[in-house]
Amino acid sequence: MAELDVPLDELDTFSLLLPLPYRLASTLVLGVWLWGVNLQVLQRHGIDTPALIRYSARTDPPPHLSVYRFATVLTTPLAASLIYFWWWTAGGQQERVIAHSLVPNVTLILVLALAFLIPQRWLYPREFWPATGRLRLLHTFRRILVGGIARPEEGKFGDVLLADALTSYSRPLSELYIVFYMMAHQQATTNRIDRSSAIAVPIIMSIPFVIRFKQCITDWQPYNALKYATAFPAIAVSTFMRLEEPYINHGNLHAIWMLTALTNALYSYYWDVTRDWDLTLLTPKRASPDHPYGLRRTRIFSDTRLYYAMIFIDLLLRFAWALKLSPHLEHYYDIELGIFLLELLEVVRRFLWIFFRIETEWVRSRQPSGMVVLSELGPKIDED
């Protein structure tokens, strides 16, 4: 990675107020809060999410409350650190921001340790740490990180949800590598961020898609695996476009990149709507008289506008995320705020996607034996 000693005037205002370590910690904590909202809203609609993921939690407190408590203990040190950092740097004074990168670095490490590393027996107060849920999360992480997937009766659907969520965090994961690289080389993480790595960053961005790809292959779901495989060409071509080599024809590469990015966005969108949510909009059954146009017969959410809104939002954000998978575009949005907003939008898209994905799984599980909602769409390709 290139030398990071750059003039102070190249730092944008947003980076001075919210350096990269804080942004990464905030993105993680936001995801925990949103998962709690998922559980609470779905429960209010009569959907038993713990049953779907084979999580035998206690009924008191309810799962969403445990998640909120967990999110609170992650948020507390992050918020306290941010307030201290803003006070110490006088609201973003450049020299002080760059000179005091230790505070955001320690905060990021602490949040990660509280979430994933510190043994349960060391965590207090115990009522704020969902022991069963946290252990289940860590065990699931270990399994999916090697591309494993549980059997249906042991929580396969939970593995799928977590692995899919990781794909939405592919970009933050690559930035986590950048932060730790800078720490290891004693470079200020509050200085301008160098994303010039042509090897490590693309590889790390690809890991969540490799995990999900391997799960699909293991589970004999070739068409679903193809969805995740379409991310690899977009990342690879984009990486080549960053290289300043005389033998590289950037005009041709740009055309190839456009094709790969569009393929990834469109195929992923098709899969979201048609396979993950069992909606008929992109099938010949869209105008069937037994359901609203483009939807399906059995729905948990009574307001059909929610489905149409999600279909539209997912289309927009799928294309935004396709751009975000492309390292070569970073010089077009050097302002860190733009990068951060795209990452947050993808987290929000995944949050909304989860509502309809779990709702669909609940509808499937409630069907009488022998009936599958996807049968309305023709031959079934894959389960997930």
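First residue shown is number 1, and so on along the chain.
Placed from the backbone N, Cα and C atoms, the Cβ positions cover glycine too.
Copied over from TrEMBL:
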{"type": "TRANSMEM", "residues": "20-37", "note": "transmembrane segment"}
{"type": "TRANSMEM", "residues": "67-87", "note": "transmembrane segment"}
{"type": "TRANSMEM", "residues": "99-118", "note": "transmembrane segment"}
{"type": "DOMAIN", "residues": "192-384", "note": "domain 'EXS'"}
{"type": "TRANSMEM", "residues": "306-323", "note": "transmembrane segment"}
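Across the candidate stretches 20-37, 99-118, 306-323, the maximum count of CB pairs under 8 A to the transmembrane segment (67-87) is reached by 20-37. Here the transmembrane segment (99-118) has Cβ contacts under 8 Å with residues 19-22, 24-25, 28-29, 32, 73-74, 77-78, 81-82, 84-85, 88-89, 138, 141, 179, 183, 188-191 of the same chain, all six or more residues outside its ends. Taken together, the residues of the domain 'EXS' (192-384) have an average pLDDT of 84.
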